[in-house]
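Here is what TrEMBL says about this protein:
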type	residues	note
TRANSMEM	24-43	transmembrane segment
TRANSMEM	55-72	transmembrane segment
BINDING	114, 143	UDP-alpha-D-glucose binding site
ACT_SITE	143	active site
BINDING	282, 306	Mn(2+) binding site
ACT_SITE	447	active site
TRANSMEM	519-538	transmembrane segment
TRANSMEM	558-580	transmembrane segment
TRANSMEM	601-623	transmembrane segment
TRANSMEM	643-669	transmembrane segment
TRANSMEM	681-699	transmembrane segment
TRANSMEM	711-731	transmembrane segment
Ligand SMILES: O=c1ccn([C@@H]2O[C@H](COP(=O)(O)OP(=O)(O)O[C@H]3O[C@H](CO)[C@@H](O)[C@H](O)[C@H]3O)[C@@H](O)[C@H]2O)c(=O)[nH]1
Ligand SMILES: [Mn+2]
């Protein structure tokens, strides 16, 4: 390292933080909406009717909830910041040999839902980062305890000898061979070498897939690697001993690729599972990874990705390091979170997977208050903060390179034996793992609650959203899977709200108030189902029964209602367009918000309530990342919603659609002729009309479609019955 160079560059920060523009106008506009909201409340309280008070108050309750919730969502829009790292300054300041070690954790849980060929794509993208290989170690945690996954990883360790030098030589991107080769068909970019590597990859993939199809590894293959002996006893997903296999030992001089360069360490881990012994899902797996990696490589920086989240940018480790290594602010940074992005989103994003508002605005807004979320994947951590230490200001780059483990120089076998103990069920008994150490247990969104505890210990996280995606995963391609995911999330978040971790209590005086509010945007997903259900049912029913719920169109009180609705809608639309969404994308999102709120969030609310009375246990339903059904895949690509088997969900969706359709038609027929009546019911007619427009694909799925993804007639009939009963109920 040139000392002069070092000096002239030393004062410059390694990253900068910019505040978003447009503050004042935005704040003024928000105040007018706020005033409108207050006026609607005033109207409800000053115009209480003499009869049917419960109906009136259900509307009032909903409007109060929506109003307060809207205020909460503003917290994430008040102080939006963006971060910009300077990689070039980093490389001027630190030589390659001075960079810290990085451990990469990949989690998988099920060889069927998460096909091993997908998992090794992610692993291969991790071993081929543009980073000194002797400083990298990649760990695969397999909660499925599957020999199929182990076989795939073993294959990948061999293929990496060809893949890593090939990537670096030709600067291949992205570095998941699965994605890379699926994208460029038949471009003989680098001639023979390209063809060779592609052939090697395809051979490997077909071996992995044929073994996966068989469901077991043939004996002659097993005989060739000692690791398979672990599966000689009866190994099942729920019951097996700890398995640790170091497939590539970075310290070994022989661990080199075909060009003679070193390779990163590669480890397979499957922690012990015992029936009757809580394993705490992904949090448990991450904690086992934390301990095992501390034994083997003990890097001060940890990158955590889900098995479907391959690295899309081979340089992102260096970006993340700019935050941790910045002389002034770096010390306090606990984690650097990247957005969750997907590579299978189609143009007509029917399930609204793209999450633009969350990724482009809300997480940056929370970052402005020092409270950006840890979302479980695509996140770089400082090991000490993830393991539970408080921020104390002493963790600097010198400590980062503190390297005592390697000096012990133990053999692979010794390391494996020592690591197995750390991955045993009993290891955590009587310790603070899962409470004060490592990821927090007992919540299906272990990531969110863990991020919160880290912030409350004095650390400051960073959210970094680069133009070039750093990670890409697989988004759900059926309605079922998408709703399962949202149910797990909303349930886990609501559970946090009710636990000792409620940000207003737990975070009091520890994190900023804006961050406490920002958390609640997500923590209150589940209960917002109630006012939403009220708003999609009550105005429609009241319209049918001739009960007006809103001020006359000629009354001045009509204005605040119209303004609040119009301004909020315009706000979300303009925001969506500014951050790069399309009109169609926004419209799809409105539909999905309606569906999520009335199904996933509602079920999550009910289940959380049941759990409060101790009647059920926390669970974690892993989502499927493979679409074997080609017809379903076609429908996804055509933008047709796939209504699966989950009938209760579909009944709710169809009932709401039918109810509002009937109310709108009857309402128009009976009210349109009488000018005075019409004026009284304009708002209710408008609500029904909006809901009917949002639900057009639902009517299509009931009446017009004939494919297998449509709403089955049996479900449609049930929805008819439920809707009719609702219409006949004399609650008025
Ligand atoms: O017992 C388990 C269950 C899950 N996983 C892994 O956890 C990850 C996430 O599971 P997935 O089914 O893909 O859930 P998603 O809804 O896509 O996950 C999001 O939400 C989760 C919290 O609900 C976070 O843990 C994830 O990081 C975040 O990407 C996957 O890699 C799984 O292999 C385990 O390792 N062990
Ligand atoms: Mn996932």
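Cβ coordinates come from backbone N, Cα and C, glycine included.
Those TrEMBL annotations? Automatic predictions, nothing curated.
Keep in mind it's a predicted model, so treat the numbers as computed, not measured.
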Non-local residues, at least 6 beyond the ends, that sit with Cβ under 8 Å of the transmembrane segment (681-699): 350, 535-536, 539-540, 542-543, 548-551, 553, 558, 561-562, 587, 590-591, 594, 640-641, 653-654, 656-657, 660-661, 663-664, 667-668, 671, 711
Rounded Cα separation (Å) that holds between residue 282 (Mn(2+) binding site) and residue 143 (UDP-alpha-D-glucose binding site): 8
Listed recorded positions with Cβ under 6 Å from ligand 2, out of 143, 282, 306, 447: 306
Distant-in-sequence neighbours of the transmembrane segment (24-43), which means Cβ under 8 A and at least six residues beyond its ends: 60, 63-64, 67, 70-71, 74, 77-78, 551, 557, 560-561, 563-564, 567-568, 571
Contacting positions for the transmembrane segment (643-669) when only residues 6+ beyond its ends and CB under 8 Å are counted: 478-480, 483, 536-537, 540-541, 543-544, 594-595, 598-600, 602-603, 681, 684-685, 688-689, 691-692, 695, 698-699, 701-702, 709-712, 714-716, 718-720, 722-723, 726-727
Those recorded positions listed as 114, 143, 306, 447, and which of them has the most Cβ atoms within 10 Å of its own Cβ: 114
Candidate ranges 55-72, 558-580, 601-623, 711-731 - greatest C-beta contact count to the transmembrane segment (519-538) (under 8 angstroms): 55-72
C-alpha spacing of residue 143 (UDP-alpha-D-glucose binding site) relative to residue 306 (Mn(2+) binding site), in angstrom: 12
Rounded distance in angstrom between the Cα atoms of residue 114 (UDP-alpha-D-glucose binding site) and residue 447 (active site): 20
Remote residues contacting the transmembrane segment (558-580) - C-beta distance under 8 A, at least 6 residues beyond either end: 29, 32-33, 35-37, 39-40, 43, 70, 356-357, 360-361, 550-552, 586, 589, 682-683
Three-state secondary structure, which DSSP defines for residue 282 (Mn(2+) binding site): helix
Between residue 447 (active site) and residue 143 (UDP-alpha-D-glucose binding site): CA-CA distance (Å): 17
Reduced DSSP assignment, residue 306 (Mn(2+) binding site): strand
Mapped DSSP class for residue 143 (UDP-alpha-D-glucose binding site), helix or strand or coil: coil
